[in-house]
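K.L.:
Dumping what TrEMBL says about this protein:
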- A:F6, A:E75, A:F237, A:E260: substrate binding site (BINDING)
- A:S76: pyruvic acid (Ser) (MOD_RES)
- A:S76: active site, schiff-base intermediate with substrate (ACT_SITE)
- A:C90: active site, proton donor (ACT_SITE)
- A:S243: active site, proton acceptor (ACT_SITE)
- A:H256: active site, proton acceptor (ACT_SITE)
Amino acid sequence: MAVSGFEGFEKRLELHFFGDDPTVMDQLDGHKKNKGLLGLRLLDFDSLQLVLRAVQCTVVSAVGNHYFDSYVLSESSLFVYPGKIIIKTCGTTQLLKSVRPLIHHARHLGLSLSSVRYTRGNFIFPESQPFPHTSFKEEVVYLEDSLPKGLRFRKASVMPSKTLTHSWHVFTASTDIDLGDVFTIEICMTELDKASAGKFFRRPADGKSGDSAGKDMTEATGIGSISPSALICDFAFDPCGYSMNGIDGDRYSTIHVTPEDGYSYASFETVASRGDDVARVLKKVAQVFRPATMSVSTTSASREVWGRVASALEPLGLKRRSCAVDEFPATGTVVYQTFSNRRK
Amino acid sequence: MAEQNQVVGCHTQESWLDHFQKGKDSKKLVVVDFTASWCGPCRFIAPILTDLAKKWTDVTFLKVDVDELKEVAEEWKIDAMPTLLFLKEGKVVDKIVGARKEELLAKVEKHAVVAAA
């Protein structure tokens, strides 16, 4: 591609930690049960800013509840729980440069890394990516070098689809088997419907702050109804683009939109457990953005969720084009499915 | 007054009620920051509030730790931090949930100007 636009596809990193000291462990466990406090949330804001500077992004807004802290970044999002960090960044950020400093800062809090999961889709403008994101191979080498030896269960895999523009890159490393009962859903959407994408452009000189323009977009697009009980922290960029983090008890959700024609992109991510109505959420997301192509990746201890994805999306005219399944040691099963509408 | 130009921490129920009443009587704008020691986003907004308190000497800035004054946090239904309540004559005129810098600057300006007029 001759002209490069903004890279919507995010890189995503999830790091889990455990306490060396049993009292730290008690605090982390206590937190899960009700409101525990400490762990990684004690990272001081200056350290966090230094990590973000290495990645090349900044905080635009933030909120916390009894379970975790949520940050909307200039390029996507960050979530800090007592025992885990999820950081997702788009554009030409250097996400993997956060791994070493995060391990270092956590160590000062008495926490050691127990698992890592790195995922991303296919960049629209791969030639614009800086080191170490120049290729998946390069990323894996960089990650391997950054990780402690104890994370011995490792695997890197590129999961294909039938569309050349979509594939799913996964790297996992873990010290031990730790399969929780929640699963993560990561959705990447391209070629958004023009009318839907148009709602993420601001009027020139609208006189609003990014916060209030963001709030208006949340309302106008129907994003507010995806998870009605969540508290939403939203932000609209100038002249276009949107980010939001939803917080609902110990669960997060996050949406990022790059609406420009030619490389329009939107992502949605959340965590859920078995009893949750995932189908309703998927439908709402598809209706807000009306993408021509949509990929859905689920990471969980079981394979059970993937069928629900297709049965939610197919009635909306999104036909499943591919489904790839891969097992990751000590992490679980990743199911990667792609859908496209009849316009294609 | 010693407490002017700074964010005043209310550490007891009495001190909170006292400052709340003073604000109510003064008819000035009172901005209350509900915060928690373990909340990262609260640390992000704290220096911004400190600067605002220096600039807007006619506005009272109060700080309440939700663990220290649990009853107060419950009474005002605070479940995310920071929550900023804008009070006039004891009533909530506006509210911001989260560390939203631009919105905070705009709302302090809006309500402070109305209060002064």
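Each residue, glycine too, has its Cβ placed from N, Cα and C.
Burial and contacts for the listed features, if you can.
P.N.:
Spatially close to A:F237 (substrate binding site) yet at least six residues away along the chain are A:G210, A:S243, judged by Cβ distances under 8 angstroms.
Of all Cβ atoms in the shown protein chains, 26 besides its own fall within 10 Å of the Cβ of A:S76 (pyruvic acid (Ser)).
Following the DSSP three-state reduction, the secondary structure of A:S76 (pyruvic acid (Ser)) is strand.
A:C90 (active site, proton donor) has a Cβ environment of 27 other Cβ atoms inside 10 Å.
Of all the Cβ atoms in the protein chains shown, 26 others lie within 10 Å of the Cβ of A:S243 (active site, proton acceptor).
Taking the Cβ of A:H256 (active site, proton acceptor) as reference, residues of its chain lying under 8 Å away and at least six apart in sequence are, in sequence order, A:G8, A:E10, A:S76, A:S77, A:K88, A:C90, A:Y242, A:S243, A:A266, A:S267. Under DSSP, A:H256 (active site, proton acceptor) is assigned to a strand (E or B) in the three-state scheme.
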K.L.:
So around the substrate site, A:F6, A:E75, A:F237, A:E260 aside, which residues have their CB within 8 A of the centroid of those CB atoms?
P.N.:
A:G8, A:C90, A:G91, A:C240, A:G241, A:T258
K.L.:
If you pair up every Cα among A:F6, A:E75, A:F237, A:E260, the residues annotated as binding substrate, what's the maximum separation in angstrom, rounded to an integer?
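P.N.:
Largest Cα to Cα distance for the substrate-binding set is 16 Å.
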K.L.:
What is the Cβ neighbour count of A:E260 (substrate binding site) at a 10 Å cut-off, with all protein chains included?
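P.N.:
Summing over all protein chains shown, A:E260 (substrate binding site) has 18 other Cβ atoms within 10 Å.
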K.L.:
Counting across all protein chains shown, how many other Cβ atoms sit within 10 Å of the Cβ of A:E75 (substrate binding site)?
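P.N.:
Result for A:E75 (substrate binding site): 24 neighbouring Cβ atoms inside 10 Å.
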K.L.:
Tell me, how many other CB atoms lie within 10 A of the CB of A:F6 (substrate binding site), whichever protein chain they belong to?
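P.N.:
A:F6 (substrate binding site): 19 neighbouring Cβ atoms within 10 Å.
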